[in-house]
C-alpha cells in the first residue's frame, strides 16, 4: 500500500505540471503560434520558489497558511486514485467522499484566503467559485454513484472497471459529464479563461492575485495536481481494466492522461468562453446527462 | 469643413440661444462641439451643430451673463436637464473657462480633479447589499490609464462611472498662437491610433482658412491613409474581442493581420501609424507605381486573411452566444446622448461623416455605410467587419483610379483673420471635430478638438446598465474608446 501511495504522490508531483504545458501547446497549435515550451510550468514553479513572498498588511494568518493547506489536501486526494493497478491501495467504504471533500477543503481555504485579502476582485472570484462548485458537486457525485452501480462496490476502486461491451453507453454518459465537471473545477474554458488578464472576468486566477513567490507556486502546483487528478479519473472511468494486463493498463494510463489534456486544449481552442450567466445552464446540462447515465445503471441488464 | 467670418456670426441673447440650441437639437441636429472662447476679452459660448440629413453645420453663439454680486464670474442656464447630450460639454466648459452652467445635475471635473477635489465623488447607489468595484487607473493589460467605478449588486452592474484625466497634455492650449510647423506632430498624437483622422481634420482647418484646395491626387492618398487606419484598428479590435472571450484562433490571426495593414501605412510613408502623410496643402508622400502595385497585392492578400480569420467568429455558436444581447445600447439612448461612429451605427443610427458631411474625395465617392440595429457587442463587431470589407474595396478602387498630378500645394500655412472654421472627419472611432478661431493677426486664438471618445464614453456606461460586471471587458473592447483622445 505504501508503494502505491508513494507512486501516486510522486506521479502527481512530477507529472502534473506537464498537463498545463500540453494544453497550452495544443492551444498554440490551433492558434497558429509556436507557443510556450511544454515544460514552461516547471520553469515557472522553479522561478517562483526562489522568489520571496510579499504579503499584504491587511491579510491574516489564514492567508499565509492557506497555500500549504490547499497544496497538501489536494495532494492527499490523489492517493485514492492509484496509478498502478494490482498493488494494494488505500480503500474503504465511501472513500470517494473523502477524496472529493479533500478537494472541497482545499477550495474552502482558497475561498477564505481570497476573502482575507479584502480585495473587491478576489471577493467576486470567491463568490463565483463557491456558487459554481456547489452546482458542480452533485454532478460529480452522481457520476461516481453510476460508476459504483456498475462496479458493484462502495469504494472508488470499484468504480474503475472501465468500458465494457454491455455498459459502454452508461460509461460514456458518465465520462462526458465528468469531463464537463473537470473543465469547471479546473477553471478551463468555457467556464473560466486561464489565460485572461481581465480581473473582472476571472474566477480561479483572481483568487491568486495577492499570492506571490513560494505561496503562489504552491497554489499553481496544487491547481495542476487537481487537473492531473481529474484527468486520471476520466482515464480510469474509460480504460477497460479487466481485459488489460497491469503493465498495459499502466502504459495506456500514462498515454491517455496527456490525451485528455490535448482534448481539453482542443475544446478551449474551438469554443469561446461562456457568459457567467450561462455557467449554471452548462452544469445543469452535465447533471442531466449524468442522471441519465445513473438511471440506465439502475438496471444493468437492459440488453445493450 | 466650413468657415464663418466672426463678424457674420450672430450673437444671441442667452434665452434665444437656449431656445435655438434646444430647438435645433430636438429637430435632428447633433452637438459636434460646444466650448467657450474669449475673443477680444469677451468670453462667448460657441455651439457647433451638425445636421446629418441636410449635411450642414451651424454655429450659434451667446455671451453668458455675469453672476450678480460675484465679480467676473459668468454663468448660463444649463441645457443638460433638457438634453442629456450637453452634459459632458457643459462640465468641460466649466472646467476650462469657469463659466458656470447653472443647475447642472453633475458638475464634476472632466480632466482635472485636483483643481476641485471636493467635487470628485462618484455617484453612489445606496444600500447594504451594494458594493463598489474600482478598476484602474493602472490596468492589468497594456492599455491606457482610466478609472472605472462600478456600483454593483452581486454580479449585476447598476451604474458605471468613468473618470479620466490621467494623461492630459494640454494639446488645445498648446495650439493657441499657431499654426506652427511643429503643431502637426502634436495633432498626430492627440489619439495615437487616429493620427490620420486628427491630422486630416487639422489640415482641413488650415486649408479652409487659407482657401487652398489640395490636389485631387493628395485627396485620394489621404482617403487611402484614413481607410487603412480604419482597417488596421477594426481588425485589431475584432481580434481583441475574440481574445477577451477566450477564442484564440481569431485573436492571434487578427493580431498579425492588423500588423499587415499597419505595414501598408508604413509602405506609404515609413511609419506604421501614418505619421507625416497628411500635410497642410496635400500629402507628404506620393505613391509611386511600384508602391501602388505592392499595396494592391498586399490588400488582396490581407482581405483573404481577414475574411478567413474573422469568419471563424461568425461560424462559432459559442462566440455568437457570448456577443449577442451583451452590452446593449438602444437606438433611443444612442440618439439621446449623441453617440457617433461605429458604436452609433451598431445601434441603428446611420450617421457617418463620409456620407453626411463629405469632404475631399468622399464628395464624389463614398464606401457603403455599415449599419446594424441591435446595439449589442455583436452589432458593434459586425459593423466593424462590414466596414473593413467596404474600406478594402474602397482603397482598391482609389488605387486603381488614382488621379495624376501633384500631391502638394503651397500656401496653406496662412489662415484668414477673424474667422471660425469647423472641420469634420470620420475617423475609425467616429466623428472627429476640430474647431479653430483666428484672431486679428490670423493666428489661432482658440482651438477645440472633440474626439469621438468624448461622445461615446457615456455610451459604454449605458451599455453596462444591468449587465454582468464580468461582461465589462468585452463591452469596453467593443467600443475601444481612446483615453488620451478624451484627455487631450
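Glycine is treated like the rest: Cβ placed from N, Cα and C.
What TrEMBL says about a protein is an automatic prediction, not a curated fact.
According to TrEMBL, the features are:
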type	residues	note
TRANSMEM	A:61-84	transmembrane segment
TRANSMEM	A:96-115	transmembrane segment
TRANSMEM	A:130-151	transmembrane segment
TRANSMEM	A:163-184	transmembrane segment
TRANSMEM	A:221-239	transmembrane segment
TRANSMEM	A:246-267	transmembrane segment
TRANSMEM	A:279-298	transmembrane segment
Quiz item: Between the transmembrane segment (A:61-84) and the transmembrane segment (A:163-184), do 3 or more CB pairs sit under 8 angstroms, pairs being 6 or more residues apart?
Solution: no
Quiz prompt | Residues from the same chain, set at least six apart from the ends of the transmembrane segment (A:96-115), whose C-beta lies under 8 A from its own | solution = 62-63, 65-67, 69-71, 73-74, 76-77, 80-81, 122-123, 125-126, 129-130, 133, 137, 140-141, 144, 148, 155-156, 159, 185, 206-207, 210, 219, 222, 226, 229
Quiz item: By a Cβ-Cβ criterion of under 8 Å, what residues six or more beyond either terminus of the transmembrane segment (A:221-239) are in contact with it?
Solution: 11-13, 15-17, 19-20, 41, 45, 67, 70-71, 74-75, 77-78, 81, 83, 103, 106, 143, 147, 159-160, 162-163, 171, 174-175, 178-179, 181-182, 185-187, 204, 249, 252-253, 256-257, 260-261
